[in-house]
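Data block below; observations after.
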Amino acid sequence: MITRLLAVSALALLVPLMAEAQTVGAKVPPYQAPAKAAPPARDGGEALDAAAPRPNPFKPQDDVIDRFRDAYAQGGRPRLAIWWNRQLSDTLAQWYSETRTVTADKSSNSTEGDLSLKQSGAKQSVTETQRRAGDSAERPARDETWDWEFQDGFLSPFLQADANVVDRTMITRIMGAGAEEIDPKTVEVMAMQGMADVMVEVLVADSARSTTGYELRARILDVKSGRVLAMVNSRALKEWQKTDKAAATSSGFELPDEDDESFGPERADQRYKATSSGFERKRKPPKLAVIAHNLATNVMSAMLPRLEGGAVPVAKTTDPAAPTPITPPQAAKPAPNQSAVPLPDVEAKPLPAPDKPAKVEAQNVETGPAAEEPPMPRPTKQ
Amino acid sequence: MKRLLVPAFGLLLLGGCASLDPAPHCDMSRVAGQRDLVAGPAMVEGETSPLKEMPMNSVSITDPNIIRKLYVRSIAARRTGTGTVEVVAQVVNCTDFPLNAEARTQFYANDGAASEPVSAWRRLQLPARTSNTYRELSLGDKTVDGYMIEMREGK
């Protein structure tokens, strides 16, 4: 009996010790990166078109820039004045008036001496209230940094081609220095004719259909004759066209939506984004500087035939470093520009008072009391 | 004397029967002898820890109900083609009765921390005197450096 008890107690002691048994196994082998799997072999072993790198339409086109450099030198290196998002308007003067008040004073006659009769003429003064017209050349302002990036991208190919680019603001200021009484519009035209040969007008407009949210337009004008040398519209550029290709999806080939009128540049490397409904192609357009660079090269391409054909007239006499500023005595009449097509001569026009031609009337400046007896107080129209 | 003879006879009979039993035969005393509990990290330097615990890369039968019935014959750990770790443990039912067992695996990083949540319990059916294979895959690849398998009776 005692032995049984001893045996049972000995077993009871052993059992807790054996409550946990284990077997030690092998260690985990070190990690080795799996070999890169080769793409699955396809029927015929032909590489797909998609596997080949897609040509990037927005890559810098150095060949166009080189061609432009040669054609530009051949064309006589015309000076380019670029108008940044500023439209050429047909408003001649910046000031206009809606009303004109004529005050006439008539003095009574007086008799002197025997029969001599002296009559002083009636005095008439014209008071005109002028308002400054809103600048029609101004366009909705964009973000300042947007402008910087755009101008950087647009100018870089021209500077790379060693083009003669002048700043519109600068030449206007140079031309108008000391002649503040002349209308800025006149000064602007004089500056463009005297210190530039070609005007490049670059406009940007908001567009909801474009992937970029805006559209661009560049117009190249000959400032001497007003001739349109080239016109580039972003909507018509082939880089901005949609690639209307059928897309292979899990439910078969899908043709592009005919009602979808959106357009705009797209990245050459098609990027996909993981969404909750699977991978979706990103529609993000290229960077602004790249788009501006592309527009500039398209402008260059459009100018090439004109430059090579010698259609761009270049002023030979003027030196852009030393323009002839307007002197105040000449302020009444625009200085005759020898290098350009001369401005229309104001004096040549039939004036209301033939005996006393008023030179200042062309600019609608207040005539003042000196201009006596105009035949009719003609209201000024805008 | 009679009392002593009867158990001895019984033992002889058992021995004779055992030699006729089909494999596998589990020598549970040797299984117990192979136990290798390791000392945990000591809190005081130079002292051995009083705590003994399961070693890494092992199968631990934590259920006293099946500790003398099952034997883990082998454990293997290997990397799959994608870099994850697969552990395979071969379990033998040493009894003449069908058994149900459950096992799960915890994978550890090389710093001793769990590299991922513990796996779910996976059920094993073990008919009498058969072996079965427990298999588990890790979720991580580079992070996995060790593993620990727990086994209990499936009820």
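Just so you know, glycine gets a Cβ as well, placed from its N, Cα and C.
Just so you know, TrEMBL annotations never went through curation; they're auto-generated.
According to TrEMBL, the feature compositional bias 'Low complexity' maps to A:32-41.
According to TrEMBL, the compositional bias 'Basic and acidic residues' annotation covers A:129-143. Residues of the same chain lying 6 or more positions beyond the ends of the compositional bias 'Basic and acidic residues' (A:129-143) and with a Cβ under 8 Å from any Cβ of it are 85-89, 91, 93-99, 101, 203-204, 206, 364, 366, 382.
Annotation source TrEMBL lists compositional bias 'Pro residues' at A:372-382.
The signal peptide annotation in TrEMBL covers A:1-21.
Mapped onto DSSP classes, the compositional bias 'Basic and acidic residues' (A:129-143) shows 0 helix, 4 strand, 11 coil. Helix, strand and coil counts under DSSP for the compositional bias 'Low complexity' (A:32-41) come to 0 helix, 0 strand, 10 coil.
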